[in-house]
């Protein structure tokens, strides 16, 4: 079994090294399943939004931006991992530094823009529910919406040079070496872990603010019952307590899935800066959870939307 150092440099999979052929095949099948389901769901959401005028809203523009980023993970990166996991570990194609950098770039670009899109959607819905319609319409003009989407990609491109050092878990220094020989990647992992935790705090603030407003003031939500409210993934003006409770559960479910996908890696990276590194398998599992979020995002944002369901029924046999 390779040690942690060889794991980080020779693994054909970006996320996990396993000597067992059965485990490698299982991982490849998992990548293939996520790639197929994630590609189909992301393409379906993009197609529906571009095909149906009722779905062409500001909130859905941010969702489409996230779907485009998730396609970088599901359609471009995951199929490669599924194939590479079936190749022998000493295959020459797996040792190319340029090829590993390309795969890491696809993953880093997709995940960064996807996380930014999560926050853009959350903030959009927060402003829609908690602010006056005039404030929402002034903030989310077409040019400003396009600028927000462009900034998400620009931010990802600026962060891209920092990401290659994150694909491998932190390692203990060998005997006779200084303890800080991996200080660069460790500090990079620390900064990005703090960035993810800050991103999560903002997202939770937006969604919990929506829950408080919907549950605490049905009258306020009724006042906001204008044409923009169909952007929400749940009934935005529910007159009954049961419907308000279902809306809150929908938002909390979205938050729980997001936390499950992002927090394990963020906290492992944060704790690895102060404590001995976690086992490689645990580190790899946290990466896999984060990548699986790219296949689940389209369902998270559309399963409670009647407009999306109606559009999907009109195109699916």
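Each residue, glycine too, has its Cβ placed from N, Cα and C.
Keep in mind that TrEMBL annotations are predicted by a computer and have not been checked by a curator.
If you check TrEMBL, you get these features:
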TRANSMEM  25-50  transmembrane segment
DOMAIN    41-301  domain 'G-protein coupled receptors family 1 profile'
TRANSMEM  62-80  transmembrane segment
TRANSMEM  100-124  transmembrane segment
TRANSMEM  145-167  transmembrane segment
TRANSMEM  187-210  transmembrane segment
TRANSMEM  249-275  transmembrane segment
TRANSMEM  281-303  transmembrane segment
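Recorded stretches compared: 62-80, 100-124, 187-210, 249-275, 281-303; the one with the most Cβ pairs under 8 Å to the transmembrane segment (25-50) is 62-80. The list of residues near the transmembrane segment (100-124) in space but at least 6 beyond its ends in sequence, with Cβ under 8 angstroms from a Cβ of it, reads 14, 58-59, 62-63, 65-66, 68-73, 76-77, 80-81, 140, 148-149, 152-153, 155-157, 159-160, 163-164, 166-167, 196, 199, 202-203, 206-207, 231, 258, 262, 290-291, 293-294, 297, 301.
Contact count against the transmembrane segment (249-275) (Cβ pairs under 8 Å) is highest for 187-210, out of 62-80, 187-210, 281-303.
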